[in-house]
Every structure is written in C-alpha cells, then in structure tokens.
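Colleague: Can you read through this structure? Questions will come right after.
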Amino acid sequence: MSAQTLAEKLISKNHMGINIASVTIGVGILTFPRTLAKATGAFDGWISIVISGAVAFLIGWLLAKLAARFPRQSFFEYTSLIASKPVGYVLTILICIYTMLFVSFEVRAIGTIAKQYLFYNTPVEMITLSFLLVVQYAVAGSRVALLRLNLLFMPVVLYVIVVVLVFAQPLVEIENVRPYFSSSWKALLQGSKDVGLSYSGFEIILFYTMLMKRPEEAGKSVFLGLLIPVVLYMTIYVFVIAVFSAEVAKNLTFPTIELAKEVEVPGGFFERVESIFFTIWIMTIFNTSAMWLDITVLNLTSMFKKVGKMVWILILSPIIYFIAMLPQNLIDFFSFGDKLTYFGLIIVYLIPICLLIIAFFRGVKGNG
Amino acid sequence: MLRRILAQHRRQKASSSELPRQEAAQPISLSLSSNLQENLETIKTLLGNSHDLLTRSFFIGNTQHSCAVVCIDGLANSAMVHEQILANIQLMISTAEKTVPDDPEEILSLLFEEVLSVIEIKKESDFQSMLDCVLSGDTALLIDGTNQVIVIDSKGWATRAVEEPAAEGLVRGPRDGFTESIRDNTVRIRRRVKDYHLRFDGSIVGERSKTDLVVAYIDNIVDKELLDEVKRRLATIDIDEVEESGFIEQWIEDDFLSPFPQIHSTERPDKVAASLFQGRIAILLDGTPVVLILPVTFGLFLHSPEDYYERWIVGTLARLLRYIASFLAVFSPSFYIALVTFHPGLIPSDLAFSIAATRDGVPFPAFLEAILMVTTMELLQEAGLRLPKPLGQTVGIVGGLVIGDAAVSAGIVSPVMVIVVALTAIASFAIPSYQLAIAFRMIRFFAMFTAAVFGVYGVILSFIVIMIHLSNLTSIGYPYLSPFAPQMPRDWKDLILRAPITFLRKRPKALHTQDETRMRTGDQS
C-alpha cells in the first residue's frame, strides 16, 4: 500500500478529539442531572461538573502521555514492555472484560430507554438484538471507517441538542436556579464523583493513539474531547435545573429526555419532541458502543494474532447480549453501570497511571 | 471478508472464460504471402466471403504490376478510397514523369512516399494486424510480389449528430453531448481543454470486440498513484466483448455488492472537462456516449454542472434542496409506515385523527399499503422508460393521476399514502444522477422493512447501517464520504455550499492533485 493511502488511514488531532467526545457523550448525559441534583441539591452542581471535568482532563492527559511514549504500539505491546508479558496479558484481558461489559451496558440502555419512550409492545430483547447487530456490522468494517462515523454523527447530535435547548428557553424560570453557592464543599465533591462517571470514555486514548498521525498531540485531543462534554453538560444541567428545579430533577429517571419532553416546537409539526430527541440520540449511543466493541476486538487481536477480527466479533456478541439481558429492572441496570465504572476506575485509570510512573522511572520508551 | 469474496468472484470470472478462449480467438498464424491472389483468397476465406467485404484488383498506372485494395463497405469512406487511392495510383503515376520501377518493394516505397496523399498511413507485414485495421475501417493496399501491405486510414462511417443528452438536460449550459464515436468524444473534450498536458491514453479492450478505450487526464494535475491504479485495473480486463462503458465500470469498481455507484457516468462533455481540471480521470469507450468519471464521492452525485453556471446563491440553494430530496426519496415512505403503525402520538393530534379517518376504509396495514403504492410507482417508472417519448408521458399521467385517484376512491390506499408516494417520486427525480437515484430506490425498500418492524427506531437503525456502509465504501481507494468524513474543511466550500467562484481557489484536497491551485492571481490571501 502506498504511503499516501496509508496516511488516510491515520487520524488527525481534531478527529481524535471528536472520537473522545462521542465516546464520552452516551448514556451518562441522559441521567447525570438526576445524580448531580441529588448530591448537591441545587444549581451549584455546575461547579462539580467543572471540577470533575478538570480531574478527567488531568487523568486523560497522563494516559495520553503514556500512550504517546509508545507510538504505533498497541496497549498490550507497551504494557508488556513496561511490566513484563504476563502482566500485559492479565491487564489487557481485564480491560477487554471492562470494555465488553461497557458494550453490554450501552446496548441494554438502548433497549431500556427505547422501551420507555418509543415502544409499548416490542420486547426489550428484540430492540437490543437489532441494535447489537448494527454495532457488529460497524465493527466488522474497517476501523478508520468506524471512527469516521463519529465525524458524521457528532454534529447532528449537537445540532439536535441546540435545537432542544433553544426551544426550551421559554420554559426557563429564573426562580428555580436560586439560591447560588448554597451547597457545602462535601456535597460538591460528592457531586463531582457522581458526574465523573459520565465522563468515562476518554480512556480510549490509551488504545487509539497508535492510529494518530502525530501521537504526541494526544494530550490536546483529550482536551478538545473533554471540552465538548464539559460545556454540553453544564448547559444541559443549567437548563434542567432552570426548567424543573433541583427538587423535581432528583426524581426524574432521565432528566435530559424529560427536558425534551417539555419542549414544544412552534408550528406544532412534532408533537412529542422527546421521541425525536431519543431517536437521534441512538446515533451517539451507537458510536459509543461501536467504539467499545472495536477496542475490545483491537485488544484481543493484539494479544492473539492468529484469531481474526470476525471470529472475535462472533464470539463476543452472544456474551455481550446475555450480559445485557441480565439486569432485571432499572435499579439493577443503574447499579450495573455504577459497578462497571468503579471497576474501570481501577483498570483504566489507576493502573495505567502506575504504568506511566514505572515507565518514567525505568526509562522505557517506544521505538518511535 | 468482502475482499475475499470479490477475489473469488474475479477468479471465477477468469477461470470460466479460459476454456473457450484458447480455441476461439487464437491469433491467425498465417503470414502474408508475396502472391496477391493468394492473399486475397485468404482474406475472403477468413471473413467467410462476407457481404460487406470489398476487394478490387487493378494495375498500377499503365504497367502490368497488379495490386488490390481491401476494405469494408460502409466503414471506409468510399469517396476517399476512390479519390486518394484508386485515382492516384491508376492515373497519377501514368501522368507523373516517374518511371515505375520493376521491383515490387520499390513500387511500394514509391506509393508510400510519393503517390498516396493521405495523412495516416503505415506499412504492415503482419496479417493479423492488417486484418484488425481493415475491420476497424482502414483500407489495405496489397501489391503483387511483396509480403508487405500499405494500410491507409480511411475511417468514415455514418454517425449520429451531436445532441443534448436526454437524461442530463440543463436550463443553462452547453447543449452538446457525447456521441457513439470515440473520436467525436475526444474532440468534444479537446475543444474544452486546450492544455497540452491533456493526455488521451488509448488501448483496446475485448478479445473479440476490440473496442477502443481512452483514458483521459491532465498530466500535471492528476494524482499519479490514482492513474497507476486505474491503469492496473483496466489491464486486468479480460472479456470477449465490451459493448458499453458499464462493463468497464463494473469490472474496475471497488465493491460489487454495494447498491451505490462508485464511478460516475455522464454524457456531458462540460462535466468531463470540469472533472479533468479537478484532477479526476475520465474513461471513454468507443460505441457509447456514456463516459466514466473517477474517483467520485457521494457529494459529487448530488452536484450538477448548473450549480457552477448559475450564481452561487442559486447553486447553493439548489444543492441544499437536493440533499433534502435525497433524504425524502429514501425515507419518506418508511416514516409514514413508522408514524402510522407505531407512533401516531408523534404527529399532532389533529393530523393524526385526519390520517386515521382517511385510513378508515383501508383494509391493509400501512406497510402493505406503502409497498403496494411504491411498487406501482416503480412499475410506472420502468414502463415509462420503455415507451416512446409521447407515450411515456401518457403513461405517467394515466398512472400517476388516474390510478392514484382510483385507488383512493376504491378504498385500497389512503390519500395521505398517495401524497407520500408522489413526494417520494418527485424527490427521486430531483436527484441529478440517475445512478444514485436507482440506489436510493433500492434502499427505500430496506428502510420500509425496518420501519415496519421497529418503527422510528428501525428507520434510524437503517440510517446508521447505510452510513456505516458508505463510510466503508471507497471509489478507486478514495473514501466515498470525503470531504464529510474524513473531514477536509477546505473542500466544504464546494459541497453543500457552493462558494462564489472567486473563493474556489484550490482544487479538491481529497484528490491529492499535483497542482492544487486554480487561481494564481491574488494568491497572497
């Protein structure tokens, strides 16, 4: 293959940023105003969003440093370099489990929310299965094509949010946002932790940096990739609180969708905006799950070079589907998500940072 | 995996054509003899004494040296054969103060260099090549006593006059179109591209049909890697007959399973010239007015040359309209199905009630209703194509108005369905490229099925699936969705927006051209 065509297979700094933004914006954005309102009890939650955004950026920047130390090397290859092969195997397999569970979570989320807002009779199993098949189809194609889908869907999703917010503007009651600065520091920190769960996703930088044209720019991509969600979360939180007040927001399962429900588009052409909103939202959840599945496959193929991509997709899909079907109700579903994020906290944040420190002191570097 | 299937497909094609090839098209091993009569006999036997074969033996000037001309009646310009060849040889030699030499070889040189006043002329000593030339319209001059022949270009057959292409009419723009003659077509391009860097690389495809093929490009703009790849793919063509450029298109395209066209075809010379200037490659084939342009992107199919000829505001709005039209052409019936079947709550209550009221007597579910109407429309479209023009319009009116109206009053479909189908049809006619419109017609059914099973959720899933497919698709290795994804903001000036002419200073970035600048003055900005 020629050098020029090869260059097209690599991704730019901005494209990586969009990837991070699309993987971060997923199910979390639909629920986070509830947990945040619960924790802070007031409009001050926006401070929590900024704090956790800053922390996320710091972690992301460290992860980017780690990945950029080893250009064109997969996660498994550089962990093996830093901390011996067996450790590399164990870590990569743990990460595969984490990313795979993440796909299950997203896939189940689609089923649950679609059932609540779009369908009344169609079983969750069928909704989930059809979505999983589409994700499979996407991962079966080329990797760069999958990442390009982010470029296509991200703007559409952002436009829809802007439209919803613009039409939600008449519903804003300024009384709802008062009082300012009433929450305690403890509450704010608790809120930061809760909203931090919705930022998970930027760890894809660990795995996709090897596809970047200039891996040393990975840190900048993380910044761009987190800036979009931070601004988006703040705007949405402000609107949710201003429209519903913190007291009501606490008790809404999906406050962001409820916000869309309140909206009335002038001209009355669409009766129920929340269905349209969620329909478009499927695109970003699709992006998130497709990337997670792709990363799972990427890591597995980097360990076991002899097994092809398609084989892994076919092995993983039934497992993902069965795990997705395990939660019996909404409470199960959300506690599944929380546990998953805590698991991820250790696997994809803590351990890689330790690896970076080890690599730094042992002076291990990639051959780029 | 696709690639594997593709390779297998190619291999099968290759192996199945191997067997008959060896006996059928074996090159004629006969060599030219020095005996004129023998040569003429061989030609006649080989062509099976064909009705259109013309042979005429005569003496050179007033000598006793015999020679003969061989040509195909109708292919060769008979006036030219008569005036430039027969008359010259029979009369001029005798009037000129030349003595005709005795040696046949010398006679041949004399004729070649002094007597025949024709621009394209060559000596040939290979039987097969002589025959090929004669069969493509040249005239062969055989002289007794030598095993060399003179082949004189005398091509001249009846061609169609230049007309405006029927499927690509414009309000503003040149009225000429390509014709079936490859020479006329290269002329149409050359008239627009007077740059000496314009290249026409000729070759011949088809074992039996021996069709002329020309690859046109501008040497110092085109991406050399693209050119090499196109030529590599063209060289793999191994087939007996090539009747239309569709054969070439289907042979060299990237993904034969895709419903989307990966090579653009047009009958408009202005479009081809503009594409060449952008750094694309055109493939011309003899015998068809349809010229291939490659590589293409999805956006290009929604462009019309008129976007550039009209002012930029008009061009931009027209493009915007076409993007909306393509969305409607694919998804409007499926939205109807989804809304009526699954989510009547999504439409305003008043409208929902009136739709429900009109569907009152309709015995079928919305999906069957839609399939019925959309299929009828496809039938009408297909029927209209086959009929002569005036009749086609009648069918359109009878089909569209009478059947639609009758179906509603008979209670088979609801009036809203008729509106939806009409909207779909109009939207698909607004797409400038017929190839893409066909692709949309196929995808429409896929979207309708998903809508029938999953409602709006199914529609969005089918949209995602189409996008996944498009994102994976390439045209001669170039990403099909560029410059949307991969993003090339510089090319966005000429995508949905058609920026004012003076803003389009650069050629499309996606094409990796050697010379990126179109406008050199005022380059400081």
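Just so it is clear, glycine is given a Cβ too, placed from its N, Cα and C backbone atoms.
Unlike curated records, TrEMBL annotations are generated automatically.
Okay, so TrEMBL annotates it like this:
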TRANSMEM  A:16-33  transmembrane segment
TRANSMEM  A:45-66  transmembrane segment
TRANSMEM  A:87-105  transmembrane segment
TRANSMEM  A:117-139  transmembrane segment
TRANSMEM  A:151-172  transmembrane segment
TRANSMEM  A:223-246  transmembrane segment
TRANSMEM  A:276-298  transmembrane segment
TRANSMEM  A:310-328  transmembrane segment
TRANSMEM  A:340-361  transmembrane segment
Colleague: Would you mind listing the long-range same-chain contacts of the transmembrane segment (A:16-33), meaning Cβ under 8 Å and 6+ residues beyond its ends?
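Modeller: Sequence-remote neighbours of the transmembrane segment (A:16-33) are 45, 60, 105-106, 109, 113, 147, 150-151, 153-154, 157, 194-195, 197-202, 204-205, 208-209, 212, 217-218, 220-226, 228-229, 232-233, 236-237, 240-241, 249, 252-257, 281, 284-285, 287-289, 291-292, 334, 337.
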Colleague: Rank A:45-66, A:223-246, A:276-298, A:310-328, A:340-361 by Cβ pairs under 8 Å to the transmembrane segment (A:151-172) and hand me the top one.
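Modeller: The stretch I would name here is A:276-298.
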Colleague: Out of A:45-66, A:87-105, A:117-139, A:276-298, A:310-328, which stretch has the largest tally of CB pairs under 8 angstroms to the transmembrane segment (A:223-246)?
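Modeller: Maximum Cβ contact count belongs to A:45-66.
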Colleague: Counting Cβ pairs closer than 8 Å, which of A:45-66, A:87-105, A:340-361 has the most of them with the transmembrane segment (A:310-328)?
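Modeller: That would be A:87-105.
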Colleague: With CB pairs under 8 Å as the measure, which of the listed stretches A:87-105, A:117-139, A:340-361 comes out on top against the transmembrane segment (A:276-298)?
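Modeller: Most Cβ pairs under 8 Å with the transmembrane segment (A:276-298) come from A:117-139.
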Colleague: Counting only residues 6+ away from its ends, which parts of the chain sit with a Cβ under 8 Å from the transmembrane segment (A:87-105)?
Modeller: 27, 75-77, 79-80, 135, 289, 292-293, 295-296, 299-300, 302-303, 316, 319-321, 323-324, 336-337, 340, 343-344, 347-348, 351
